[in-house]
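*Asks:* One structure, pasted below without further comment.
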């Protein structure tokens, strides 16, 4: 006896509704983290890079005082949330065991309204992040 597609279709329609809200929220926070702090392969790491990236990522209304972009593989950043590449740091933070290539962008001062101008500092160092459910959700700028 063959069942209609109705019950099967109903199951596929209901499954997304059963996703716990915390997982959806974590995913949103992780995507926000990636937007603010991740750039896999930067084209240059100078002042012009910072000016462009800060504007592209929507961090210039008002001008954000400082922001750091982490370069490389996003899975390596996720690994900081676990023991593979991370250790506990302070309260609810994780510090990377290995250094990452980063570009720190600092607002040059003046008005906090666009156009925003930034000073870039490129380097390699450990990062400190907050994680939720194994995903990075916050970059700790105060570590530097």
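Including glycine, each Cβ sits where the backbone N, Cα and C put it.
Nobody curates TrEMBL annotations by hand; they come from automatic prediction.
Sharing the record's features from TrEMBL:
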type   : residues : note
DOMAIN : 26-143   : domain 'Ribonuclease A-domain'
SIGNAL : 1-24     : signal peptide
*Asks:* Please count the residues of the domain 'Ribonuclease A-domain' (26-143) that DSSP assigns to helix (H, G, I), strand (E, B) and coil.
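*Replies:* Helix (H, G, I), strand (E, B), coil: 33 helix, 43 strand, 42 coil.
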*Asks:* Give the mean pLDDT for the domain 'Ribonuclease A-domain' (26-143) on the 0 to 100 scale.
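*Replies:* 96, rounded to a whole number.
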